[in-house]
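Written out below as structure tokens is the structure these notes cover.
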């Protein structure tokens, strides 16, 4: 009798690792099987790569174990896509479908729909990708009392850059940091984006906000002012701080753009206001910091001429290090925040494509 009871319990409850989701490897999903086969939701790829302005499909399919059918036919299938926050404590609604009913939410409206290439296809298509779309998405399929989920990460090709305003180092609370990134055609970076940038060689000694509210900085060359010479390279973590009162720099993330970034050929050097007007006369706008970093990193833009940018800073991008032009490394060189009324420089412009 004890053996029989044990077998009955095994058939009722089955606990297993969450499928295809290495980032949630410690999570366990309990499937309740009263009548009929167990519902399984599977993402064929755990990570999808795309870029700003592109279209992407987040894969998700559902099955019943031990059968070849997509659903039992006794209940309507409900498909729900949500975006996970960095701490997994909150979810942002993206898209819901049940029968003929479809609903998208927030800035996803008009940009998301199901692929539905087969009866068991719950894959989500996102069109005209924006920087804020980066992150992890959960596909949940519900049929009657059964449900299961899969998680897919959407990664964007781009560049992380440190940013501080004219006021100087450590002058931004978290909310100001978010606005500062948005003003420069970027968004506040995630830890994963900063980590990838560190692996690609980003070294910066000033601590900056990240999207989860933590304050961190990447070090590839340990040295005395940055944790000490005897420490190991890595992303140093200051922890989580008060988003209203604490002040640091920020790490921003930007991707490619739909337009032309260029140095304006002009007969004379310009003050800041003259630079703004010169770009406008050329049918463009003065370029933003995120745009010079994207042009440098993603397009290999190289120019030894210092030029005004929209935030009042002066910078120039070097992809081919050489004498007098960043001889030791490829970088966007920072000149500073000169006097806007009296200092004269060139200007970098940006013309958006229609």
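Please read every residue number as a count from 1 along the shown chain.
Placed from the backbone N, Cα and C atoms, the Cβ positions cover glycine too.
Copied over from TrEMBL:
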SIGNAL    1-15  signal peptide
DOMAIN    37-155  domain 'Ig-like'
DOMAIN    159-254  domain 'Link'
DISULFID  205-226  disulfide bond
DOMAIN    259-351  domain 'Link'
DISULFID  304-325  disulfide bond
| query | What are the helix, strand and coil residue counts for the domain 'Ig-like' (37-155) according to DSSP? | reply | 6 helix, 61 strand, 52 coil
| said: Could you tell me the mean pLDDT the prediction assigns to the domain 'Ig-like' (37-155)? | reply: 90
| disulfide-bonded residues compared (205, 226, 304, 325) - highest count of Cβ atoms within 10 Å | 226
| Distance [Cα-Cα, Å, rounded] between residue 226 (disulfide bond) and residue 325 (disulfide bond) | 26
